[in-house]
Amino acid sequence: MFDGTTQAQDVAAAFQGEISGKTFVITGVSFGGLGAAVCEALAPYGPGHLIITGRDIQRPQEVAKALIAQYPDLQISVIQMDLALPKSVENAAQEIKKVASRVHVLVNNAGVMCIPDRTLTEKGIEAHLAINYVGHFLLTKLLAEQMSSTDSSPVQGRVINVSSSAHTVSPFRFGDPHFIGSSDLLPDEEPSREACKAFGIPWETSYSPLVAYAQSKTAVILHAKAISSGVLRDGITAFSVNPGGKWNPTILYVLCHC
């Protein structure tokens with residue numbers, strides 16, 4: 001029975017037969033983060049292949065080195081990917097396809113939180129939205145063929161989008177996703193006054209670091225729902241998950257800067 005005290009290792013142990021021999025792609029892997037924790041939970045149970053990514057390739061390489069030291073037979077590949085850059089995502093997808101003909105589980109974990117000043121990528125996309133959602137949207141689309149079930153490989157691929165309780169702060173701002181001008185927002189696209197109060201942030205429709213982060217987490221929830229409805233491809237199931245609280249570098253950054 002799982003409850004609020006359940007750890008990742010508990011779930012992995014209970015479903016180890018579903019891990020053995022499977023290929024997992026996990027984005028945003030570094031020591032102290034959720035990505036590394038996922039790897040550590042999976043590694044004891046014989047995954048067929050762990051493919052891990054990071055913007056700074058040294059970080060997932062360090063995790064891979066530690067895992068191999070503990071599990072010498074573990075097959076693990078490390079790929080550089082910057083989710084803010086579509087070309088980097090495309091290159092990473094090609095590298096993944098070279099080392100794995102089938103992807104059973106894609107964990108869209110990488111993310112940023114509470115960038116103090118409104119920042120746009122080279123494509124003009126607000127940074128939280130670009131990295132937390134758009135980059136993962138593209139990666140998922142590019143790997144769809146590798147994840148969909150076939151007659152020879154009937155197991156449905158699974159997409160796991162890491163969300164957050166912060167999604168309650170903001171719906172998706174269809175009228176102004178990049179915080180250019182809030183005059184185009186409809187009332188039901190505005191931040192939640194109640195949630196802003198609960199999180200201890202001022203209510204405003206202009207750029208707010210936590211509101212921008214929250215919008216991106218709403219987006220990944222909607223993304224998972226759309227995938228499960230068959231929009232992307234038949235034979236793929238998607239989930240959005242709230243991982244709960246964890247002390248990690250992102251949280252420490254928020255405490256120091258937001």
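Even glycines carry a Cβ here, placed using N, Cα and C.
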Which of Leu34, Leu210 shares the NADP(+) site with Arg59, Asp82, Asn109, Lys141, Arg193 per Swiss-Prot? Leu34
According to DSSP, collapsed to three classes, what secondary structure does Asn109 (NADP(+) binding site) have? coil
Spatially closest candidate among Arg59, Asp82, Asn109, Lys141, Arg193, the listed binding-site residues, to Ser163 (active site, proton donor) (Cα to Cα): Asn109
